[in-house]
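What follows is a short report on a single structure.
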Ligand SMILES: *Cc1c(COP(=O)(O)O)cnc(C)c1O
């Protein structure tokens, strides 16, 4: 649009102008209300303007915005303590984004081998369809041609194997492997879940070969699947994990978590960030955890997920010419479309419902974790109407 002529044209923007948000709702400048099941792509985990998050940010804004990591930042230590207590991890490094959390994960893995006398272990093995971010290293990790094209030589040391193929993974792991990096549930790749058995086999494979297991839970973590982190469903733990999106609830930050051993190469001077872990971000992160760790919160996510899954299954049955299948887990759901997913998203917007596109012709539904059963049913009836509008059976 001409209004955006002064911006990089990297986004084809939808002509909607939202002015404010309230829980699962976004409100345009002219007062139209949209049910937001895109959630800024799994970011607004607690909905828009959650009172506890707003209060935490306001209070911090009046006290102190920024400090360099040259100083102690008590709220950063507190959040790291809480995250490490709640997970496999012993150490945390805070970043501003998901891609930076992945950069830290990759550096941590290579550095671990370096300090252990294995300079040759630099390769990171990833899975086809992956998305790990848009920096030069993370587009190499993601391996998608559309994101690599025209940006010069692909960063070396990234190898990719087909999705869900353990034999290919076994063949790829070798003497120069530093880490295997996977999303337990691929988000941008089309809501594709790695089977629990695959993750368990992967853990064993890494252990047998002295290779680190790094997980990208930027999208599927932070309660999204109904457990604190998605890998918990498989009963495994990684050595390193990148987290972002939902952890900030809309305040931009991420974190790389690691075991004491995996992080052992990251000593003073090896890595740094100006903004990562700044007091504003940490105030919001602690507030997100307050809600996330409340008794019964994850149970709520699982309950509402069931409402979605039943409703989506019914829609898939009713409109077989529009919906091919329903995918996903928790509140990370995908509608694989028979019509182009872009058309389905337009039909949803006509019902004042927002979703997000994904690869493999999927529409992603990533509602806030605070979505109520009633709001889920409201969204499902809008989805039904969107599918009906596209179905030849009813149009
Ligand atoms: C969004 C995303 C990233 C990148 O996060 P940014 O904050 O955009 O840098 C990395 N990995 C996964 C799985 C993601 O969904």
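Placement of Cβ uses the backbone N, Cα and C atoms for every residue, glycine included.
Automatic prediction, not curation, is the source of TrEMBL annotations.
Matching 112, 131, 251, 297 to the pyridoxal 5'-phosphate binding residues that TrEMBL gives (98, 99, 216, 217, 218, 219, 274) identifies 131. Nearest neighbour of residue 98 (pyridoxal 5'-phosphate binding site) by Cα distance, taken over the recorded positions 134, 245, 273: 245. When the recorded positions 134, 245, 273 are screened for a Cα within 10 A of the Cα of residue 219 (pyridoxal 5'-phosphate binding site), the ones that qualify are 245.
Listed in sequence order, the binding-site residues among 98, 217, 219 whose CB lies under 6 angstroms from an atom of ligand 1 come out as 98, 219. Comparing the Cα of residue 273 (N(2)-acetyl-L-ornithine binding site) with the Cα of every entry in 99, 131, 218, 245, these being the recorded positions, the smallest distance points to 99. Close to residue 99 (pyridoxal 5'-phosphate binding site) in the fold, though at least 6 residues off in sequence, lie 132, 133, 134, 135, 138, each with a CB less than 8 Å from its CB.
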